[in-house]
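Chemist: Annotation comment: TrEMBL describes Cys172-Cys179, Cys259-Cys264 as disulfide bond. The domain 'G-protein coupled receptors family 1 profile' feature in TrEMBL is assigned to 50-288. Residues annotated as transmembrane segment in TrEMBL: 36-56, 68-91, 111-128, 149-170, 190-216, 228-252, 272-290.
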Amino acid sequence: MGSIYKDYFTPQKIREHYNYTKGLTENQVIPERHPVFIAIIVLCCLIVLENLLVLLSVYRNKKFHSAMFIFIGNLAFSDLLAGLAFMANVLLSGHRTFSLTPVQWFVREGTAFATLAASVLSLLAIAIERHVAITKVKLYSSDKTCRMVLLIGACWVISVAIGGLPIMGWNCMGRLEDCSTVLPLYSKRYILFVVTVFTAILLSIVLLYGHIYCIVRSSHAEIASAQTLALLKTVTIVLGAFIVCWLPAFIILLLDTSCAIKACPVLYKAEYFFSFAAFNSAVNPVIYTLRSKDMRKEFLRVLCCWGVAGRGKPAERCMVPLRSSSSLERCTQKQDLPTSPILRECTTSV
């Protein structure tokens, strides 16, 4: 390996960076029985179970095998991985941090960054799909599947790239003065880059939904009145949850890029802010799936099956198809009406 990577397998580098940026030694880390540590583990388990329920619901019911629900499934999958990555990050933190090599540390932090980025980018992909579905002239087009694959593929490629940049060389090893206080092996310039990207994603979502709102308002009054209320409610919940969960972490990271070493004590409590940001992965399934009545019913069916199976009873009743017509089917019937682009595709989920 080249000179850039020569220290990647030297555990002493971890101690050197943590001592320089935090003045932290192995005896000063948070113990594993600390209430905060336990609360984070419980949150991660909730994220995993909640998003697993979404994935099972989408997989089991053919009514949810449409493009929109596939995007929701991708969001749930990224949130599930984010929960697992964050749990692994916490379990490998504390005193175990000082037994890691730099390359292991980069994998630990990079995986968390990549999965959280995938969750945020999935929100953007859903916004793009909603925008295209509403503004596209054709009801069905041959490039719809291609667009879906490209959006989901781009989401994961970009996420992996964002999480992998430090291990590929964009770090502060050999330049201690450029090191982040929150993440002692990461360059402050990389932290600033990540915050800038996430802020751009947020602004993009705002612009896309703002344009959707304008389209709805310009539609026929009888359509706009109902659709606008649903759209405004969903957009408010989505953007509100995103901003509330991520803004504190953004502020901490921005503060990290501007503060001198050991000059901002609040940076030593960054785990609280990242935990709150991860909470967004638990909120997303509520926002993007529970607004669908049929999804709620499917949730209950899956939970029913788990409960019945746990008691050792037959689960045939849990497999009975939904009796009520799906909201997607109702919207599909409305697609025959050419009076408004809003009716081309169901928008009850987002």
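For all residues, glycine too, the Cβ spot is worked out from N, Cα and C.
Automatic prediction, not curation, is the source of TrEMBL annotations.
What you see is a predicted model, and the numbers here were worked out from it, not measured in a lab.
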Chemist: Within this structure, do the transmembrane segment (272-290) and the transmembrane segment (149-170) have 3 or more Cβ pairs under 8 angstroms, counting pairs 6 or more apart in sequence?
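Modeler: Answer no, regions not in contact.
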Chemist: Near Cys264 (disulfide bond), which residues of its chain come within a Cβ-Cβ distance under 8 Å, counting only those 6 or more away in sequence?
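Modeler: Those within reach of Cys264 (disulfide bond), by Cβ under 8 Å and sequence separation of 6 or more, are Thr181, Leu255, Asp256.
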Chemist: Using Cα coordinates, what distance in whole Å links Cys172 (disulfide bond) and Cys259 (disulfide bond)?
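Modeler: Cα to Cα, Cys172 (disulfide bond) and Cys259 (disulfide bond) are separated by 16 Å.
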Chemist: C-alpha of Cys179 (disulfide bond) to C-alpha of Cys259 (disulfide bond): distance in Å?
Modeler: 11
Chemist: So what pLDDT does the domain 'G-protein coupled receptors family 1 profile' (50-288) average out to?
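Modeler: Within the domain 'G-protein coupled receptors family 1 profile' (50-288), the model's average pLDDT equals 84.
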Chemist: Of all the disulfide-bonded residues given, Cys172, Cys179, Cys259, which has the fewest Cβ neighbours within 10 Å once its own Cβ is left out?
Modeler: Cys259
